[in-house]
Each structure stands twice: as structure tokens, then as C-alpha cells.
Amino acid sequence: MQIKRITEANLPTPWTNFLMIGFEEIKTKCNHIALLHGNMSKNTSILTRIHSECLTGDALFSLRCDCGFQLQSALSHIANEKCGILIYHRQEGRNIGLINKIKAYSLQDKGIDTVDANYHLGFEADERDFTVCVEILNLLQIKSIRLLTNNPNKVNVLTSAGILITERVPLIVGSNPSNTKYLYTKAKKMGHLLNNK
């Protein structure tokens, strides 16, 4: 086990009230949170979003990506369903870190796409490790989910780790002139499913 449950508190939001649970990685001391809403024991397949940290999109309202739009849409979906979980996965910039993400943005300003910018900086296209997310689901005794994602890799990783995914729920929001190339690259080079299927 790489992670432990530390604390919890209520979190009122514009969408609904959530129970916010704080987790800590044992080796790195990195913190992650899970937002829970509704009665998990009464639902056989929990609507779930694994949302990787994006300071620029989530907190600064950047139009360069669709992250902030996805975060808000996921919280709204969970509120409407009256049950669900959002794991806020603290791996900024597909786990290259904030400063390297800004460096990648600088390269994108020069015409390099989001994947090649990572390669240029010495990283893989996606450096994220979803092991912690699997452990959070296991600690919360959630074994069957409906996953809010456009990323087939998340589906594969969670399925391989023993999480039953009964449905992939598309989360296609936030397209705008500033992120058209970014979204095209995610679909073409990273296999993201952006056609609502």
C-alpha cells in the first residue's frame, strides 16, 4: 500500500455538498483528495472521475486545455446523479510538474504540440501513474465504477488493476479556439476519444 487515509471534512460547492477525504502517499508525502457525494453502498457502479491536477485550467481558468471545464462538468454530473466520486490526482501537467508544464507551454507558443513539447523536455507524452487512484478506490471499497473519461488508457489501467468499469462516460466540454490544436493532438497522438462515443 502506497497511500493512507488522513482526514476528512465537508466541502460545500456550487453543485452540491461533498465529503472531502485527504490521502497521503507514504513515501513521497504527496497529498491527494477524493470528493464523495451520496450513498456509495446503495449504488452498484459508482460514477467516478479521476481528475489530474491542472492549476492553470482548474484555478486560473486557462483556455489552453479542457481541464477546468472537465472538472466543473464532472462535479455537476456527480451532483445530478446524486452519487459519485471525484479523485483529485496531484500529478500536475501529466506528472511533469508545474514549471515543466510552463516550459511546455512556451514550446507550444512556438508551434510545437503538447506531446512533442513533452518529448523535447525529456518526458514521455504522459508521465502519470494511476496506481494511487486505484489504491484510493480500494481504500474506499469501490470495486465497480462508471468512469467519466475520454482517455482509454485510464480505462485500461484501472481494469488491469481489478477495478470493474461498467461504462465509460464521455466528458467532452470546453472546446474553444485556444485549445483546438491541443484537443486534436490528444485525439490523434494519445488516443483520447473526443467524438462523444
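Glycine too: its Cβ is placed from the backbone N, Cα and C atoms.
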Listed by Swiss-Prot with ARG49, ILE50, HIS51, SER52, GLU53, GLU92, GLY93, ARG94, THR114, THR149, LYS154 as binding GTP, from among GLN70, GLN141, is GLN70
Checking the contact step here: among the recorded positions ARG49, GLU92, ARG94, ASP126, ARG128, THR149, which have a Cα within 10 Å of the Cα of CYS65 (Zn(2+) binding site)? none
Which state, by DSSP, holds ARG128 (active site, nucleophile): helix, strand or coil? coil
Enter the number of other CB atoms within 10 angstroms of the CB of ARG94 (GTP binding site). 22
Nearest of the binding-site residues (GLU92, ARG94, THR149) to CYS54 (Zn(2+) binding site), judged by Cα-Cα distance: GLU92
